[in-house]
Amino acid sequence: MEKFVIEGKQRLTGRVKISGAKNAALPILAGALLTGGTVRLTEVPELTDIYTMLEVLKALGAKVTFSEGEVVLHTPEITSAEAPYEQVRKMRASFLVMGPLLARTGRARISLPGGCAIGARPIDLHLKGFEALGAKIEMGHGFIEATAPRLKGTTVYLDFPSVGATENIMMAAVLAEGQTIIENAAEEPEIVDLANFLNNMGAKIKGAGTKVIRITGVKDLDGVNHTVIPDRIEAGTFMIGAVATQGEVIVENVITDHLTPLIAKLIEAGAEVIEDEDQNALLVRSNGKLKPLDIKTLPYPGFPTDLQAQMMALLATVPGISVVTETVFENRFMHVTELNRMGAKIRIEGRSAFIEGVESLTGARVKATDLRAGAALVIAGLVADGVTEVGHIFHIDRGYERFEEKLRGLGAKIERVSD
């Protein structure tokens, strides 16, 4: 097991280039199964979750090469419609192959998914969508099987704007007969990126990024070249780190529109955020005179749940009382216990966390409970007095490419060591 050892009280200064978005790359990789042509993707981050997805695709018949951020995929035929348990148990997003498999072969069988243990995250929305398109769903011991000779377009209403369900149903519908309408669809930028990718292959999708997506089914899709959008959550993590450490960081390769709610909150707290449109970059700095905040996580375009933990690490040392309300996932305050071990004063009441700003945090031995909690503890370690050890950093490796290397480039004193 590896851990990060962090020496505190280090300002982050300099420039950092943001990687491609994991949450855009994963559904796009799954979507590559929809064509027998060659798919070439650039700006794919080198992360454990990406490698897991590539293993799933290989098991289904894809020929894959991956080097220096470029993936080339070719799946002339699907050799198996069953996603292997070994990979699926590691990562929930492997469930995204179900829509493409169903569309291309009429059958998909998959183990029940794993990944971060945050909340219920039910997959029933995906399954209801497939059923609406005409698939027959069978659930066995730890398995789900869907079969459909030919999917037929229909109207699907999502009870909750689930990102994964929107993506999976969209991919199933591109080869279905007739028109599919997804109502109360998720509006995340990663869905827009997936739709652009599919449309460039010959799909007919309109309305991605709005609450209603219309898909007209086509007979088949062609190969394509596509560049994955930048990772707004990685960008947000470095922006929050800059403010927390009273630093000055230029965050490069960002789409500012994707970061609107975070930028608004950082400015409200008293930080400075300046956009350089020509360079697709943001300058973020803070003199340390910050005000407490009220934050409520919401589906996009609201404040992202994936930045909630990092904001809490920042607010832990901001004078006054801040309130963070989590409405997207239950069980997403697991980092609070760890932050409190470092001297934070945070109490939880239902879905809200009340943060009483303390003068300083103290280095401690803590452990990442999930991906974003891990990033939050690293930020806390950079701010704290003394040395912090963050364990279970395999969680962090699932979503941040070369995290400690990028932080060292900004002046952080952080090392990866074997436990």
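Placement of Cβ uses the backbone N, Cα and C atoms for every residue, glycine included.
Swiss-Prot annotations:
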- Cys116: active site, proton donor (ACT_SITE)
- Lys22, Asn23: phosphoenolpyruvate binding site (BINDING)
- Arg92, Arg121, Pro122, Ile123, Asp124, Leu125, Asp306, Val328: UDP-N-acetyl-alpha-D-glucosamine binding site (BINDING)
- Cys116: 2-(S-cysteinyl)pyruvic acid O-phosphothioketal (MOD_RES)
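This view paints the features noted in Swiss-Prot onto the structure.
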residue : record                                        : DSSP (3 states)
Lys22   : phosphoenolpyruvate binding site              : helix
Arg92   : UDP-N-acetyl-alpha-D-glucosamine binding site : helix
Pro122  : UDP-N-acetyl-alpha-D-glucosamine binding site : coil
Asp306  : UDP-N-acetyl-alpha-D-glucosamine binding site : helix
Val328  : UDP-N-acetyl-alpha-D-glucosamine binding site : coil
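Neighbour density around each Cβ, counted as other Cβ atoms within 10 Å, peaks among the binding-site residues Lys22, Arg92 at Lys22. The Cβ of Leu125 (UDP-N-acetyl-alpha-D-glucosamine binding site) has 19 other Cβ atoms within 10 Å, all protein chains considered. Taking the C-alpha positions, the distance from Asp306 (UDP-N-acetyl-alpha-D-glucosamine binding site) to Asn23 (phosphoenolpyruvate binding site) comes to 11 Å.
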